[in-house]
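Now, the feature entries from TrEMBL:
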- 248-252, 288-295, 386-388: FAD binding site (BINDING)
- 3-132: domain 'Photolyase/cryptochrome alpha/beta' (DOMAIN)
- TRP319: site 'Electron transfer via tryptophanyl radical' (SITE)
- TRP373: site 'Electron transfer via tryptophanyl radical' (SITE)
- TRP396: site 'Electron transfer via tryptophanyl radical' (SITE)
Amino acid sequence: MKHISIHWFRKGLRLHDNPALLAAMTDCRTLYPIFILDPWFPKNIRVSVNRWRFLVESLRDLDESLQKLNSRLFVVHGCPTEVFPVLFKEWKVTRLTFEIDTEPYSRQRDREVVRLAAEHGIQVIQKVSNTLYDTDRVIAENNGKVPLTYVRLQTLLVALGPPKRPVPAPTLENLKDCRPPCKDNHNAEYGIPTLEELGQNPEQAGPRLYPGGESEALCRLDLHMKRTAWVCNFQKPQTEPNSLNPSTTVLSPYIKFGCLSVRTFWWRLAEIYQGRKHSNPPVSLHGQLLWREFFYTAGAGIPNFSKMEGNPVCVQVDWDNNPEHLRAWSEGRTGYPFIDAIMTQLRTEGWIHHLARHAVACFLTRGDLWISWEQGQKVFEELLLDADWSLNAGNWQWLSASAFFHQFFRIYSPVVFGKKTDRGGEYIKKYLPFLRKFAAEYIYEPWKAPRSVQEQAGCVIGRDYPKPIVVHEVVSKRNVERMKAAYARRSASTTAQLEGRGGKKGNDPLALTWSCSVAWPLKLGTDCEETIQSSPPLERHHG
């Protein structure tokens, strides 16, 4: 029997390396490729107009690609568990396919959808393609426990072998016997909404530096892969957080939305590495994809991964509640030009370098403002084009020294760190143009300039630009002591629990994360840009 198939696009907004889509096309007489605008996401997740624009562009590109296969994308509005029973009946569906998602809401949603499909006698096919490996299998290989260090993950993956190779993109041959279900009123009924229809104001969007879509993703990948020497010599810690043009690939938004397959990226790199001397994980481009895998695995297996409370690997810290400081940080008005320039770039462009993410994350949490990483996580969730639940949560925990990385005494200076790669402050001048007339000696600390210099520069501190929100040299020392106290409480609690069970400290399943002084607190993410990505030995950036 020929199937009437629905392929449900979610994160994998592409045709290449989409095994679930190919499964939908097999023995198929009618294919409905759909994308559901689920109201749960805008109700529970902050989304900036820049990211909405990226999504809309990605959907348009996907629809155009499907049209070349004599198909169309069907955009449906509503809760999936309410939408599917209607579509199953209306379209007489016999098969449903989709890519596996590991996030908590997605898993709960998918279980319910699978149950509904079974009630309607519909075959369901799920495929792994959003990650290099099946995260559940990785955890199973680790005796049912999440690997809590990068090195442990590497060991497990060596045993599992290389990632699966990407599958080819579908062709007209795949759909030669498939009847297009589209009607003349397709755009009116199932068309891609505009930003206005999504409740967004296009005029509030920033510059369109990173257009969404698979076509753009593959074009950018090809351009980078032509830089053979650069790819082979790439070491994430040696890239610059404040270069005027990105010093990394900026492929992370495309991997986040699935416009670019992570397996395709991996194997393109493998082809270039073959027979050539090249950098290695964790600093190489392969290493960055493994950081992404690390946090995806952690997010899939650790309860309450995006929260402090109820998260078994997270240090419980008595963070302050200071809404005004949080707003000042998120809006780029802390009085520290390097921090404010980064947050301005983030708010306008939707992307910042991973070391820039380090600097502002440390400043918000353990470095200066002592505000919970959960609050920073929400801001990044809203503003980053590449905001990805697992990466965002994992990197914020890392940079706040709440989990995975525990050298809390290593602090990023909001002054010294930026000077290392941009002594003249050209990056600051680009994003904070009202400071552009300050000389290099004052650009990072304009409050130290004499009043006459400030007036000559046309920017008086305290009037035209805020004074520093805190004194870094004072609060950073105090915060180190507060972190030390939080660690002491955690250690005492762990010891008491183990003694209550008659165990020893060495039997603590989390002991590895406490004793682990990871040599390279790198970042973890697609191309290492994902969200807060970590970096090389932090002492290099200690101010």
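Glycine is treated like the rest: Cβ placed from N, Cα and C.
Where the annotation comes from TrEMBL, it is an automatic prediction and has not been curated.
Comparing Cα positions, TRP291 (FAD binding site) lies closest to TRP396 out of the recorded sites TRP319, TRP373, TRP396. Residue environment of ALA387 (FAD binding site) contains 24 other Cβ atoms, counted within 10 Å of its Cβ in all protein chains. Sparsest Cβ environment among the binding-site residues THR248, SER252 (other Cβ atoms counted within 10 Å): THR248. Here TRP396 (site 'Electron transfer via tryptophanyl radical') is positioned 18 angstrom away from LEU289 (FAD binding site), judged by their C-alpha atoms. Counting other C-beta atoms within 10 Å of each candidate's C-beta, the binding-site residues VAL250, LEU289 are led by LEU289. Per Cα geometry, TRP373 is the residue among the recorded positions THR248, SER252, PHE295, TRP373 nearest to TRP319 (site 'Electron transfer via tryptophanyl radical'). In the predicted structure, the domain 'Photolyase/cryptochrome alpha/beta' (3-132) carries a mean pLDDT of 97. Neighbour density around each Cβ, counted as other Cβ atoms within 10 Å, peaks among the recorded positions PHE295, TRP319 at PHE295. For the recorded positions shown (TRP291, TRP396), fewest C-beta neighbours within 10 angstroms: TRP396.
The Cβ neighbour count for TRP373 (site 'Electron transfer via tryptophanyl radical'), using a 10 Å radius and every protein chain shown, is 28. In terms of DSSP helix, strand and coil, the domain 'Photolyase/cryptochrome alpha/beta' (3-132) has 59 helix, 31 strand, 40 coil.
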